[in-house]
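S.K.: Take a look at this one; I'll ask things after.
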Amino acid sequence: MNELANRSFSKMNGIGNEIVVLDLRDHPVAVSAADARAIASEVPYDQLMVLQPPRTPGTEAFVRIYNNDGSESSACGNGMRCVARQVFATSASDALTFETRAGLLNCWRPAPNLYTVDMGPPKLGWKDIPLAEEFRDTRSIELQIGPIDAPVLHTPSVVSMGNPHAIFWVDDVNAHDLARFGPLLENHPIFPERANITLAQIVDRDHIVIRTWERGVGLTKACGSAACATAVAAARLRRVNRVVHITLPGGELGIEWRASDDHVLMTGPAAFEFEGRFDPAVFAAAAS
């Protein structure tokens, strides 16, 4: 029998981003890509956040992040807020530190049911994002969808928040068929690790509206790292201030690109939905 059978989990969401939190700190179990896909077939999610025993002193857990297609990600802002909510529920600490593939993330609770995650500094160099070819200025790269003389989407900004993001600037985020263009752009050869694709509409210097096609997931109500990447990209273009609020289909996030250390801070809520246990039959079916 699969060791995950009958394990308890928490179903949560971060402004509509569907999250499953699986705490394996006390009973470590290896989670495979096939396991992640099997779990998604039972409990539909955007990201699976797996808490494993800490690898670094002073941290609460090493968090592995899976997309619902079984691929792994290094960052998920909404998922980390859900993880923070769950761990804060049994912790007397005012701040928590977690480790992911992208490094250490500090989390704190500025108000009831509001959680801030320090997502660290953005990566802006073309090799670090990464891109398949050199671009000296990642504020705007040569990439478009549609006819050469009348492209539908063009010249995105690119940023990594531990995962690659391409942000296309538009007048209306709802005027484009992101479900159609998203998978084409996600898998474009310029992105060797694929990319999250965001449409961004700047309302004023303090407000941006976005929609995101999430790598390994598809259309999503919210993507926290996309909100962070968009805020950074817009500030680099001098179109917004370093503190902005981002409107996503699922709700609102506050983003600050802190000038003192270049770190990006994301603040928003996390909602608990229910607890459950995995059905052993799900893993048996996946293994057959």
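A Cβ is built for glycine as well, from the same backbone N, Cα and C atoms used for every other residue.
Not measured: the values here are computed from a predicted model.
The active site, proton donor annotation in Swiss-Prot covers C76. Residues or ranges marked as active site, proton acceptor in Swiss-Prot: C223. The feature substrate binding site is assigned by Swiss-Prot to N17, Q47, N67, G77, N78, N163, N196, E214, R215, G224, S225, with sequence analysis given as support.
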S.K.: For S225 (substrate binding site) and C76 (active site, proton donor), what Cα-Cα distance in Å is obtained after rounding to a whole number?
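M.R.: Each residue's Cα considered, S225 (substrate binding site) and C76 (active site, proton donor) end up 6 Å apart.
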S.K.: Tell me which of the active-site residues C76, C223 sits in the most Cβ-dense spot, judged by other Cβ atoms within 10 Å.
M.R.: C223
S.K.: Determine, for the substrate site, the additional residues of the same chain whose CB lies within 8 Å of the mean position of the CB atoms of N17, Q47, N67, G77, N78, N163, N196, E214, R215, G224, S225; present them in sequence order.
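M.R.: What remains near the Cβ centre is D46, S73, A75, C76, G79, T212, V217, T220, C223, A226.
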S.K.: Give the sequence-ordered list of residues that share a chain with N67 (substrate binding site), lie 6 or more positions from it, and have CB atoms under 8 Å from its CB.
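M.R.: Expected: A36, D46, Q47, L48, S73, E214, R215, G216, V217.
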S.K.: Can you check which residues sit near N17 (substrate binding site), meaning Cβ under 8 Å from its Cβ, same chain, 6 or more apart in sequence, and list them in order?
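M.R.: Counting only residues 6 or more apart in sequence, the Cβ neighbours of N17 (substrate binding site) under 8 Å are D46, Q47, C76, N78, G79, T220, K221, A222, C223, G224, G250.
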S.K.: Could you tally the C-beta atoms, other than its own, that fall within 10 angstroms of the C-beta of R215 (substrate binding site)?
M.R.: 26
S.K.: Take the Cβ of S225 (substrate binding site) and count every other Cβ within 10 Å, whichever protein chain it belongs to.
M.R.: 33
S.K.: Among the binding-site residues N78, N196, which residue has its Cβ surrounded by the fewest other Cβ atoms within 10 Å?
M.R.: N196
S.K.: Measure between the Cα atoms of every pair in N17, Q47, N67, G77, N78, N163, N196, E214, R215, G224, S225, the residues the record assigns to substrate, and report the largest value in Å, rounded to a whole number.
M.R.: 17
